[in-house]
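Below is one structure, written out as structure tokens; comments come after it.
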Amino acid sequence: MESFVIEGGVRLSGTVRVHGAKNAALPILAATLLADGLFVLENVPDLLDIRSMAEILMALGVRVKREGEMLVVDARGLRSNVVPEALMSRMRSSIFLMGPLLARTGEAVLGYPGGCAIGTRPIDLHLEGLKKLGAVIHEYGGTILARAPRLEGTTIVLDYPSVGATENLMMAAALARGTTRIVNAAREPEIQELERFLNAMGARIRGAGTHAIVIEGVERLHPPRPHRVIPDRIVAGTLLAAAAITEGRIVLEDVIPEHLEAVIDAFRKTGARIEVAPDRIAVEGVRPYRAIHRLSTSPHPGFPTDMQPQLLAYLTQAEGTSVLVETVFDGRFRHVPELVKMGADIVVDYHTAVIRGPRRLVGARVRATDLRAGAALVLAGLAAEGVTIVEGAVHIDRGYHRLEETFAALGARIVRTTERPLLAPEGQV
Ligand code: UD1
């Protein structure tokens, strides 16, 4: 079991490059199944989730080779459309494979996806959308079997602008017969990135970034020229929060500031100084800083749910009472009891957290329960007095490449350790 050990109280300073976006790279990896050929993907971060997706592709016969930040994917060997259950349950994004496999092979057999423990995460929108495209879907036991000799274009109205469902349906519809319209589509930057990638493969898609995406199906797709994955806006946001909470001063390089508008706006409201240039952001934390009266997470371009835990950790040190409402996922406040252990004053009522600050944070042993909750605990540790041990580094590794090295390079005192689980002394429970 790996943990991060952090000695808080250092103001971060320096320049840091932001790595490629996990959530853009994952659907792009799934999209390689749509064409017979060799793909070169650049700026693909070496993260656990990316490795899991690569393992799934390899189990289907695809060859994946990493060379630094580049992945070379040879999809010519695709020989199976059955995703092994053990791999499927590792992460939720494996559901993306359903659309491409169906479109390319006419059939897909998958288990139910796993992923972060952040509440109920159904896949009904994915399945309903694929059914509208003509797939016949049987579910039995833990297995989903989908069949469609050829998908047929249609209009799909999503009940909710789900990121994953929008991506899955875009990939499936790219090879369908006729035109598909996805109405109430997600508008996240990763959707636009997938549109760019698929169009470079020969797809005919427009409208990504708006509520309606139109896909004119084509007969065949081909690998594009080498594709560079966009920078990770959530990693950038997390680093920005780290500078702000430590009253530090850092420069983020290789970022797309437009992808971070809601995040920048929220931190500016508290008083943090943020300057934006076309591909860099300079952040300077100030003390004291103001609470945020009320902020709700929402689909893009709203404040991202993937930054809620980090913002919440930051607001424990703000002057006054903040209210954060989580509208995207249920059960996404699992970092709260851990922050309270460190001295924060937070009360959660269903979807709403009320944070009273500032309260002095003191180092403690805390546990990361999911990726972004883990990031929030690391941020709290950076600002706390004394030593914080964040258990469950494995969750954080799913989305941040060697986070401890990134922070150490900015001056933080943070190391990774391997610990055995502590056993209770004999006679005690
Ligand atoms: C993606 C991101 C994740 C981010 C989330 C919201 C990836 C790999 N992951 O996840 O980091 O937190 O977007 O920005 O890109 N829902 C349904 N039925 C469905 C699908 C979704 O009810 O079939 C609900 C979910 O339970 C959730 C909401 O819709 O409450 C948003 O989920 P969705 O946008 O699909 O998130 P993901 O694609 O899983």
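Placed from the backbone N, Cα and C atoms, the Cβ positions cover glycine too.
If you check TrEMBL, you get these features:
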- 7-406: domain 'Enolpyruvate transferase' (DOMAIN)
- LYS22, ASN23: phosphoenolpyruvate binding site (BINDING)
- ARG92, ARG121, PRO122, ILE123, ASP124, LEU125, ASP306, VAL328: UDP-N-acetyl-alpha-D-glucosamine binding site (BINDING)
- CYS116: active site, proton donor (ACT_SITE)
- CYS116: 2-(S-cysteinyl)pyruvic acid O-phosphothioketal (MOD_RES)
Counting other Cβ atoms within 10 Å, pick out the least crowded of the binding-site residues LYS22, ARG92.
ARG92
Once the DSSP letters are reduced so that anything not helix or strand counts as coil, what is VAL328 (UDP-N-acetyl-alpha-D-glucosamine binding site)?
coil
Where's the emptiest Cβ shell within 10 Å among the binding-site residues ASP124, ASP306?
ASP124
Once the chains shown are all counted, how many other Cβ atoms turn up within 10 Å of the Cβ of ILE123 (UDP-N-acetyl-alpha-D-glucosamine binding site)?
18
For VAL328 (UDP-N-acetyl-alpha-D-glucosamine binding site), the nonlocal same-chain Cβ neighbours (under 8 Å, six or more residues apart) come out as THR297, SER298, PRO299, THR305
Can you tell me the CA-to-CA distance separating LEU125 (UDP-N-acetyl-alpha-D-glucosamine binding site) and ASN23 (phosphoenolpyruvate binding site), as a whole number of Å?
19
List the residues of the same chain that sit at least 6 positions away from ASN23 (phosphoenolpyruvate binding site) in sequence and have their Cβ under 8 Å from its Cβ, in sequence order, or write 'none'.
VAL163, GLU188, GLU190, ASP232, ILE234
Express the predicted model's confidence over the domain 'Enolpyruvate transferase' (7-406) as a mean pLDDT, rounded to an integer.
95
Give me the Cα-Cα distance between LYS22 (phosphoenolpyruvate binding site) and ARG92 (UDP-N-acetyl-alpha-D-glucosamine binding site), rounded to a whole Å.
13
Site of maximum Cβ density within 10 Å, from binding-site residues PRO122, LEU125
LEU125
